[in-house]
């Protein structure tokens with residue numbers, strides 16, 4: 001959903017309708033070119049069985065956007081564990097990190113400050129990072 005929203009904004013198009021977007025199974029690729037900038041997004045599925053393919057894409061990664069469902073508190077520990085593995089991979093040393101606290105439109109969503117406390121991110125790495133709370137659904 002986030003990839004489709006970003007594509008719709010920067011490509012000045014509609015993107016896929018929400019009812020046609022399903023959780024990523026495997027990989028989705030999005031490309032955005034604007035002026036002299038070319039961005040390639042590799043949307044990698046986050047289910048535990050799919051995480052084994054992630055490292056195949058790390059070598060050419062310049063930054064990481066880690067999307068977390070901020071309304072699914074029971075999954076925060078698993079999200080933290082997966083993020084730790086990503087951040088400790090040698091190909092991603094120093095890559096900037098954006099943690100996107102998604103689904104802020106839902107009543108159960110925690111704030112980015114609460115999510116930061118759950119993830120204990122300051123203990124994980126010394127890289128540049130930031131949190132952004134938002135909603136891929138409604139922008």
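Even glycines carry a Cβ here, placed using N, Cα and C.
Residues or ranges marked as Mg(2+) binding site by TrEMBL: 24. The GTP binding site annotation in TrEMBL covers 46, 102, 103, 104, 105.
Counting only same-chain residues six or more apart in sequence, the Cβ atoms lying under 8 angstroms from the Cβ of residue 24 (Mg(2+) binding site) belong to 43, 44, 45, 46, 50. For residue 103 (GTP binding site), the same-chain residues 6+ apart in sequence whose C-beta sits under 8 angstroms from its C-beta are 69, 70, 71, 72, 109, 135, 136, 137. When the binding-site residues 46, 102, 105 are compared by the number of other CB atoms within 10 angstroms of each CB, 105 has the fewest. Non-local contacts of residue 104 (GTP binding site) by the CB criterion (under 8 A, 6+ apart in sequence, same chain) comprise 70, 133, 134, 135.
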